[in-house]
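This report refers to the structure that appears directly beneath it.
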Amino acid sequence: MAALSVWFWNERFWLPHNVTWADLADPAPGVEYPKAGHLLSALPLAVGIFAVRILFERFIASPCAFLLHIHAASVHWRATPNPVLEKVFTSITKCPDSRRLDGLSKQLDWDVRKIQRWFRHRRNQDKPSVLTKFCESMWRLIFYLFMFTYGICFLWKCPWMWDTHHCWYNYPYQVLTPGLYHYYVTELGFYWSLMFSQFTDIKRKDFPIMFIHHLATVSLISFSYANNMLRVGSLVMCVHDASDFLLEAAKLTNYAKYQRLCDFLFVLFAVVFFITRLVLYPLWILNTTLFESWEMIGPYPSWWLFNSLLLVLQVLHVIWSYLIAGIAYKALVRGKVGGISSQPLSGWMGSVAAQLFSGLSRDVRLGHSRTCPEATLALSWLCA
């Protein structure tokens, strides 16, 4: 075990040349550098955030939903209890093909259409209600807005917000400040709480993808903390938080059926998304991590890994921006989205928003349209 720990924390991988972990010992009483052990405090914080979410959804979000006349709709048609079909549904497939349907028909002496109807009703039973989705989105809206506001207020007073060269001055001997510590640990705790809540929330089809996304986010935040890239990491988090709360706000208005407000918020979300992910991120973040850091500290193994991950993220930004633009183009020029017929002006953008929401939050499905796996994977990395 000790040998594995020594191998994992190899100084030649994590730190610039001629720097050792001993060099990053606390320089003076009350002054310290980031240490990987600090990240353990995010775990009890995640439990606290999860508990706050439960209380928030029950005592704040639910009453707000009732005021907007959003209720937990009952399922009109429930599947007749059947052990054979239930086993197939839970263990094998929720959408059986024709061959399996024929086999079940012979086994149960049921008509194929009756079996198809049973699976359709059973799938509908597992769909989360609009009330559930509203409460979840309201919680995320409040948290994303809080974190974005905190990030802006904190970074506004930081020199690296205005001159990214400060991200690398005297690196890695950059003292950890309370504000930066709280920003990082709170973000990390939130994503840990999302991992916890996936096992208690209603299971959705993209459970594995979202779990991988949350795990990757936790890993990236922890990685940048361990090698003291907190300054540039705080800029990355702030850029990504800028559009998330707008998306959740648009989803809330969509659930409440305020279509015009939903249209406006979605357009605002798309504009902010394009600006932050296609302009600010490459010209501001990648410019400093790739070029300014090369000039000031030079490359080393974890530098290459960090920048590779940031470049992969940029590729995903481009892919999803292309998908957003493509869906909007089809809605505007061709008059339909994924087989949906044209609608009045106040409705076409709502359809675009709803189709995007199907990938972003697994919440709204229009007709029989489905987000392609590549789109879902890209979106999961970006906005979950």
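Note that Cβ sites are derived from N, Cα and C of the backbone, with glycine treated the same way.
Bear in mind that TrEMBL entries carry predicted annotations, made automatically and left uncurated.
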Given ranges 182-200, 239-257, the stretch to which TrEMBL attaches the annotation transmembrane segment: 182-200
Best-contacting stretch, by C-beta pairs under 8 Å, relative to the transmembrane segment (182-200) and drawn from 36-56, 141-162, 264-284, 304-329: 36-56
The domain 'Homeobox' (85-129) [mean pLDDT, rounded to integer]: 87
